[in-house]
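Dumping the structure here so I can ask a few things about it.
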Amino acid sequence: MPRIYEYDEYDPCVAHAERHAAPDDAAYCVARTVIKPDQESSLWRQIELFTNDTKRHFRHDHLDRGFCVHRCRQLLDSLDNETAESLFVDKFDIPFPYIIRSDAFSDAAADQLRYGKLINICQNYALRKRYNLTAYTEIEYCVRPAQPAPMDGLDIGFLVVSALILVLVIASTWYDYRTKNPQGNEHYKKDIPCRKTMILTSFSLVRNWYRLVSRSKDQLNEDLKFFQAIRFFTFCLVVVGHCSDLFNATSIANTQDREEEYYNPLSHILINGSLIVQSFFEMSGFLLSIHFCTNQAKMKKISWVAVFATVAFRYIRLTPAYAYVLFLHATWLARLQDGPLWTRGAGVERNLCRRNWWTNLLYVNNYVNADEPCLQQAWYLACDYQLFAVGLIILVAVTKYKKYVIHIFSVSGLIAILIPTLVVYYNHFEGVFLVSLQSERFIFWFDQMYHKIYVPFHTNMGCYIGGVVYGYLYHRIRTSDNKGNTSRFLKFLWYMTVPCGMLVMMISMIFYANNFEKPSLWIAIFFPLHKNAWALFGAIVMYGLIYNYNRFIKSVVNFPLFVPLGRLTYCAYISHVFFLKNFFYGSREIGYFSHTTMYMKVIAVIVASYILGAIIALTLEFPISSLQKHILPKQLEKNARPEPPKESNNVSPPSA
């Protein structure tokens with residue numbers, strides 16, 4: 001069968017075009033090819049049969065190609081008119097998404113008019129000569145040598161904002177140093193009594209460094225310190241999944257190796273690793289519940305106004321760092337590299353971020369224009385923000401109506417299971433989120449299951465609400481001085497959570513290997529139960545860590561290094577796609593997939609993401625959090641009971 005990915009050499013094409021090609025032909029075009037059905041061809045029948053297994057195989061009738069326009073022009077000049085016309089194939093009915101829309105690129109429509117017929121003939125010449133097949137080929141975009149885009153107002157604006165942040169950091173650090181008292185570095189570790197001074201030192205690099213590495217003296221934070229390690233490891237697993245996706249979204253030579261993985265049960269641990277994001281949701285719900293229950297004891301009453309204020313404060317704390325990364329993707333990312341795939345990775349990102357930035361900043365990008373994503377990983381931020389509001393409403397309800405705690409939690413859990421059940425049933429979806437190779441080629445942009453059940457908050461409530469319930473129960477146990485249950489049975493369950501979690505991922509294989517009749521009630525019910533089993537496993541893991549089921553594992557997850565790494569996870573998360581695009585889409589050659597190659601890239605992405613994440617956290621996230629603390633009206637404290645003064649510190653809570 002024809003190779004799925006095949007590209008003319010980019011650099012020789014560009015170098016030759018600059019010296020010899022006519023100005024109009026000095027271009028390199030990336031196109032998508034769809035083979036025309038031909039039942040008289042035995043090769044086509046083989047392609048059709050193999051492609052019909054869409055869950056485990058690539059579409060081998062759908063090819064990615066890169067063409068040197070100058071080479072194609074020379075080929076066309078060598079053909080007579082009759083032969084050239086016989087090689088041209090008009091567009092036919094194509095029953096699947098095969099190309100990114102031209103409005104996602106700059107000048108794509110004009111290039112399609114200019115080179116469309118030429119590229120179509122060029123590709124069919126190769127297909128007919130080697131395979132006796134023909135195809136329709138459509139240009140996705142073209143790039144030209146020495147074609148830097150002119151700087152515009154947004155590009156300059158990003159530089160101005162970056163310079164302003166740098167000036168604020170330098171000035172604040174200098175001012176903080178000048179106000180340093182004889183206590184030495186202890187000066188940076190504690191709040192200064194003067195509110196004005198604290199505002200002016202909010203951007204102090206040294207002070208924010210101590211915020212990052214300090215350890216809380218609060219017993220609750222000390223008990224839950226292991227959350228930072230879990231947050232770090234979960235982020236690492238997310239990067240593994242994203243790297244796996246991008247091998248297919250760019251290009252690989254050994255596509256058959258990826259297909260063979262779908263027949264290996266152990267490989268489904270990686271293939272279905274998207275379940276790992278449910279750990280983030282459960283942790284978020286747990287920590288929200290813990291902090292709410294801890295703080296509500298200090299309040300005279302809980303009001304719905306306080307809910308609005310808390311949601312608003314969270315928006316102010318999270319958004320500036322997020323907006324800065326979005327600004328980077330909309331401006332300078334596309335200028336960093338070039339190559340045959342760079343426009344697909346960075347050029348599209350630039351255009352879509354300029355078009356849809358508002359959906360990100362309003363945290364609705366998992367619903368609005370989700371098929372034209374800017375910072376695609378940010379669907380999680382939107383979903384988590386929406387679930388935060390829902391979780392807060394549930395906690396206020398159980399606080400105000402204490403007689404109905406069980407009823408409120410039960411109804412919430414039932415809704416969290418019922419909604420995805422109905423979505424799966426009425427859309428004829430499978431019992432798990434299918435990660436097909438074809439969907440990965442477009443990073444799920446055209447995947448209906450991705451849009452209707454993977455990214456919406458209403459289908460991800462189960463694990464979040466599970467975390468809220470578990471946090472509520474933990475707070476009650478903790479305040480009652482309960483020492484926890486350390487029975488052998490519970491310890492056995494705790495040790496079994498990892499193998500059971502792996503088994504849950506592997507059991508997904510049945511939906512890849514079979515085509516069950518749908519709609520099916522058992523499949524619809526299986527989906528939320530399978531997905532929300534993660535909440536049960538997570539609760540058991542947290543319980544065992546809290547009550548020290550294994551001292552060695554507890555000492556590992558409490559290792560001091562994980563404290564700053566956990567606090568930096570948010571900024572590392574919003575930064576990591578910047579490096580994914582550079583490491584994958586910047587390649588000049590077709591890659592080769594292997595687990596060694598993948599994990600080398602995973603390590604590189606993680607290290608780079610934490611470096612950039614640390615810079616953003618120290619210069620934006622922590623300063624904004626400090627300013628919020630000292631400037632904004634403290635709505636939640638208006639109803640607080642007087643308390644004896646406590647020693648102030650700059651420690652970030654576990655949820656930071």
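Each Cβ is built from the backbone N, Cα and C atoms, and glycine gets one as well.
So TrEMBL lists the following for this protein:
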- 636-646: compositional bias 'Basic and acidic residues' (COMPBIAS)
- 647-656: compositional bias 'Polar residues' (COMPBIAS)
- 226-616: domain 'Acyltransferase 3' (DOMAIN)
- 636-656: region 'Disordered' (REGION)
- 156-175: transmembrane segment (TRANSMEM)
- 229-249: transmembrane segment (TRANSMEM)
- 269-290: transmembrane segment (TRANSMEM)
- 302-327: transmembrane segment (TRANSMEM)
- 378-398: transmembrane segment (TRANSMEM)
- 405-426: transmembrane segment (TRANSMEM)
- 453-473: transmembrane segment (TRANSMEM)
- 493-513: transmembrane segment (TRANSMEM)
- 561-579: transmembrane segment (TRANSMEM)
- 599-620: transmembrane segment (TRANSMEM)
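For each listed feature, how buried is it and what is near it?
Under 8 Å from some Cβ of the transmembrane segment (453-473) lie the Cβ atoms of residues 274, 278-279, 281-290, 293, 366-367, 370, 379, 382-383, 386-387, 390-391, 394-395, 398, 409, 412-413, 415-417, 419-420, 423-424, 427, 429, 433, 444, 527-528, 531-532, 534-536, 538-539, 542, all in the same chain and six or more residues away from its ends.
If you look at the transmembrane segment (561-579), the same-chain residues 6 or more away from its ends with a CB under 8 A from one of its CBs are 212-213, 215, 225-232, 235, 238-239, 242, 318, 321-322, 325, 328-329, 333, 375-378, 380-381, 604-606, 608-610, 612-614, 616-617, 621, 652, 654, 656.
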With an 8 Å cut-off on Cβ pairs and a sequence gap of 6 or more, do the transmembrane segment (156-175) and the transmembrane segment (599-620) reach 3 or more such pairs?
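Judged by the Cβ rule, the two regions touch, with the required three close pairs present.
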Does the transmembrane segment (302-327) reach the transmembrane segment (493-513) with at least 3 CB pairs under 8 A, where each pair is 6 or more residues apart?
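In this chain the transmembrane segment (302-327) does not contact the transmembrane segment (493-513) - fewer than 3 Cβ pairs sit under 8 Å.
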If we skip the immediate neighbours and take only residues 6+ beyond the ends of the transmembrane segment (229-249), which ones have a Cβ under 8 Å from one of its Cβ atoms?
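Residues 258, 270-271, 273-274, 276-277, 279-280, 283, 377, 435, 437, 440-444, 556-559, 562, 565-566, 569, 572-573, 576-577, 580, 584-585, 591, 593, 598-599, 601-602, 605-606, 609.
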Taking 269-290, 405-426, 599-620 as candidates, which has the most Cβ pairs under 8 Å with the transmembrane segment (493-513)?
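Looking at each of 269-290, 405-426, 599-620 in turn, the most contacts to the transmembrane segment (493-513) are made by 269-290.
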